[in-house]
Amino acid sequence: MIPNITQLKTAALVMLFAGQALSGPVESRQASESIDAKFKAHGKKYLGNIADQGTLNGNPKTPAIIKANFGQLSPENSMKWDATEPSQGQFSFAGSDYFVEFAETNGKLIRGHTLVWHSQLPSWVSSITDKTTLTDVMKNHITTVMKQYKGKVYAWDVVNEIFEEDGTLRDSVFSRVLGEDFVRIAFETAREADPEAKLYINDYNLDSATSAKLQGMVSHVKKWIAAGVPIDGIGSQTHLGAGAGAAASGALNALASAGTEEVAVTELDIAGASSTDYVDVVNACLDQPKCVGITVWGVADPDSWRADESPLLFDASYNPKEAYNVSQLLSRQHAFDLYLKLGNLLLSRLHSD
């Protein structure tokens, strides 16, 4: 029996990626050209990762892999409110300064993460009940943190995870005290603090075009933009379960319809890290003109917040997985051409037999 084209493609891909994995050195770079460079060659701005002082000073393979493979960095924790302003008016930038210095020294684009978030929030903020006080506190925090790195950060996640699963605003100190006006306050303050930075709203579970949460995000962002709120981009965290990559294209297209200049995949990890899922997400960004880049949320599985799900591109020994080698292809057309050629060879062999 002659196999169908799907079987041929699968067989060819296995052959192709197995060959790549065996041919590359198991060191900082697993290919002659970084995956960031390949992504940029397709017109995108970056393919990045995360870092902080702890991970950079842990396994030495982590900074080596970052330097060789990724073009952008986000701080995992060092720019969050509890790290930068643990006590009111007392700012601490030791961790974030370390992160920024590493990124700048190694020529990495920086995404700031995150300014206003209900989690990792000091109790002195979450206990505020007065509108004027909370407004002043928000403005001071956003302004101080952003000016610390003015001109150094490409984009900021200004507000993070502000929606419930049904698409309504999450209950938080910000929404309770200020209503949805906290979004306007945050973005207007951020624009004033660094007019050149791209300003993002960022959230998780924006992974299906038909989900209530995604639709709530789109409708709110459209409304806020129409009202003059300076939102430049929507970030989809994209923490996926196994097999969920196929919906990424529709989800990114739906987010792009909100009217922002940009969209981005900001915290990518996928349970099981299958090559199919990673390729689906990469191609979803490549196919959406407004998608500027992808940030993978961690280098190797031991450092992941989902370590037991093995969701990243590098395994527990810091070796590249098949998904890394697949991501090297980046272009769907490139991948199709390669496995079609191999498929034709297989067909010819089968017919000759």
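A Cβ is built for glycine as well, from the same backbone N, Cα and C atoms used for every other residue.
Source: prediction; values computed, not measured.
Swiss-Prot annotations:
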ACT_SITE  Glu161  active site, proton donor
ACT_SITE  Glu267  active site, nucleophile
DISULFID  Cys285-Cys291  disulfide bond
DOMAIN    50-330  domain 'GH10'
CARBOHYD  Asn4  N-linked glycosylation site
CARBOHYD  Asn325  N-linked glycosylation site
SIGNAL    1-23  signal peptide
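On the structure: features taken from Swiss-Prot.
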residue: Glu161; record: active site, proton donor; Cβ neighbours (10 Å): 19
residue: Glu267; record: active site, nucleophile; Cβ neighbours (10 Å): 23
residue: Cys285; record: disulfide bond; Cβ neighbours (10 Å): 26
residue: Cys291; record: disulfide bond; Cβ neighbours (10 Å): 24
residue: Asn325; record: N-linked glycosylation site; Cβ neighbours (10 Å): 23
Integer Cα-Cα distance in angstrom, Glu161 (active site, proton donor) to Asn325 (N-linked glycosylation site): 32
Asn325 (N-linked glycosylation site) and Cys285 (disulfide bond), Cα-Cα, nearest whole angstrom: 18
Separation of alpha carbons, Cys291 (disulfide bond) and Glu267 (active site, nucleophile) (Å): 14
